[in-house]
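K.L.:
Structure in structure tokens, see below.
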Amino acid sequence: MKKMMIAAILVISMTTMAFAQQSDSKRMHKTPEERAKKTTDILATKLSLSEEQKSKMYAVNLESIKEIEAHRQQRREKERKVRKEAMQKKEEQITSILDDTQRSTYQDLKKERMRNGKSHKRMNRDVRAKKDQQEG
């Protein structure tokens with residue numbers, strides 16, 4: 001029994017790592033429940049789990065996936081905050097170098113870049129939507 005649990009944990013870990021390596025776009029379309037069910041079904045087949053074991057395995061998988069997602073979200077928020085602080089520091093340093101005319105031109109360039117970036121985001125979103133429609 002102990003060896004079976006160790007083997008199950010090992011398989012869960014490898015499956016979780018495999019999911020983590022897939023692209024976010026594919027994975028994010030599935031709920032944690034769907035991902036836990038898929039992992040459980042794979043393990044149930046490979047390990048010949050009973051229904052009781054399968055339900056316990058599903059609970060473990062679901063809890064693990066939700067915990068990983070929570071940590072991933074916290075990491076993303078922290079990274080976003082660090083990037084924002086770095087950008088603010090850079091902006092302060094750049095504006096301290098420039099004279100008033102250059103600062104004004106620099107601000108105009110930033111606005112232009114933001115407008116272009118927004119149009120690129122819309123275009124990418126449209127391309128992804130079309131791709132999803134074609135796949136579905």
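Backbone N, Cα and C atoms are what each Cβ position is placed from, and that goes for glycine too.
Nobody curates TrEMBL annotations by hand; they come from automatic prediction.
Summarising the annotation, TrEMBL assigns compositional bias 'Basic and acidic residues' to 24-40, 70-93, 124-136. The feature compositional bias 'Polar residues' is assigned by TrEMBL to 94-107. Under the heading region 'Disordered', TrEMBL lists 22-41, 70-136. Here TrEMBL flags 1-20 as signal peptide.
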K.L.:
Residue list, the compositional bias 'Basic and acidic residues' (70-93) vs rest of chain: Cβ under 8 Å, 6 or more residues beyond ends.
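P.N.:
Apart from its flanks, the compositional bias 'Basic and acidic residues' (70-93) reaches none.
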K.L.:
Within the compositional bias 'Polar residues' (94-107), how many residues are helix, strand or coil going by DSSP?
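P.N.:
The compositional bias 'Polar residues' (94-107) comes out at 12 helix, 0 strand, 2 coil.
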K.L.:
Is it possible to list how many residues within the compositional bias 'Basic and acidic residues' (70-93) are helical, extended or coil according to DSSP?
P.N.:
24 helix, 0 strand, 0 coil
